[in-house]
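Per Swiss-Prot, transmembrane segment is recorded for 38-60, 65-87, 111-131, 150-170, 183-203, 215-235, 265-285, 319-339, 368-388, 390-410, 422-442.
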Amino acid sequence: MEIASNKGVIADASTPAGRAGMSESEWREAIKFDSTDTGWVIMSIGMAIGAGIVFLPVQVGLMGLWVFLLSSVIGYPAMYLFQRLFINTLAESPECKDYPSVISGYLGKNWGILLGALYFVMLVIWMFVYSTAITNDSASYLHTFGVTEGLLSDSPFYGLVLICILVAISSRGEKLLFKISTGMVLTKLLVVAALGVSMVGMWHLYNVGSLPPLGLLVKNAIITLPFTLTSILFIQTLSPMVISYRSREKSIEVARHKALRAMNIAFGILFIIVFFYAVSFTLAMGHDEAVKAYEQNISALAIAAQFISGDGAAWVKVVSVILNIFAVMTAFFGVYLGFREATQGIVMNILRRKMPAEKINENLVQRGIMIFAILLAWSAIVLNAPVLSFTSICSPIFGLVGCLIPAWLVYKVPALHKYKGMSLYLIIVTGLLLCVSPFLAFS
């Protein structure tokens, strides 16, 4: 039923425009694609093309291509569905300033700080992953190309300088991040596509391997599931993205639509380009190279720069360097946004219990978070944290935060009951598989 107003005819309540209390013309104007939408698509793609894509070929090389294909059939559809659900549960929240406040709005302050802490731990692990990756891989490239005699990563201060620069850039605001990330992300997409095509000439059918026994295939597919998901995963940027849209848009429906649209565009681009690249790279890089990369704790691209020879080797090495460095840099930016938001939510939750909100110095809190982030990332670099092991360890937390908690909210909160359905069962099953994955990996 359409309702007349001084702004025009409000659309039927069953349509997005109607739910937003707008006419169709007002709705079209409100959801116009703008520079902010482009920025969040770029940030989402930048987040996804990070440790996932540069480390996935190592895991696939260790496990086999058949395992990867099975985990892809399970993982990619589930990933799309749970990222969509994650956005919807955030967008519906009465208060949307940070992840802990969203949970607090649904379940109360105690649940907010508990589940916010879980979300925080997931982001801490990814801070470890990217800070270690950018330090080790950049040092490896500089050494491989003869720029340095030894590995700069042997010095703890090299990593400290890198992290200080990245955190300083990340803390300057969304607009600067969008500008810096756009060129790097577009370059990454072109490089991923070009590298996938260039690898075709180096394919070897024996790298396909034989089909393993069913039991072993299923077990290894579950172990590989976290690596498959993280190859195009950008859940770390979804919370900052929804919060950004909620702060900009008066209508929750408009904010939800824009966030879902950005997610859909990013997912579609990533799936087409990254899946082809991952399969192509895996067919070109054998098991021995994967083992070597695992033992050296470096990415597949870093090891490719060492083993590729013949015509085009120089080009492959150069674009591998560009992809790897840009990948971990833009992914670090995305993770830092989520980390800052999660940390601020926990700190503010605690401080509001101790003092009135108006007495809290938010600028001081943000500076403290910057220093904390630098020290945290530097500690991972000094310890040379094993990246692939962290991905497995993070799996249960990711299963809880990305799948099981949103699913639980759907059953717990009446306003979210509309999201029940078969897709929710797939999300729950995927969450449970992610929870058991590391136990199978280390068994």
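Cβ atoms here come from the backbone N, Cα and C positions, even for glycine.
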Intrachain residues whose Cβ lies under 8 Å of the transmembrane segment (422-442), provided they are six or more past its termini: 74-75, 77-79, 81-82, 85, 219, 222-223, 225-226, 229, 392-393, 395-396, 398-400, 402-404, 406-407, 410
Criterion met for the transmembrane segment (38-60) and the transmembrane segment (150-170) (at least three Cβ pairs under 8 Å): no
Distal contacts, the transmembrane segment (215-235) - CB-CB under 8 A, six or more residues away: 43-45, 47-48, 51-53, 55-56, 59-60, 63-64, 66-68, 70-72, 74-76, 78-79, 82-83, 86, 263, 266-267, 270-271, 274-275, 278, 334, 388, 391-392, 394-395, 398, 401-402, 430, 433-434, 436-437, 440-441
Per Cβ pairs under 8 Å, the stretch of 65-87, 150-170, 183-203, 265-285, 319-339 packing most closely against the transmembrane segment (368-388): 150-170
For the transmembrane segment (390-410), sequence-distant contacts whose Cβ falls under 8 Å of one of its Cβ atoms, 6 or more beyond its ends: 51, 55, 78, 82-83, 85-86, 89, 103, 106-107, 115, 118-119, 121-122, 125-126, 128-129, 223, 225-227, 229-230, 235, 416-417, 419-420, 424, 427-428, 430-435, 437-438, 441-442
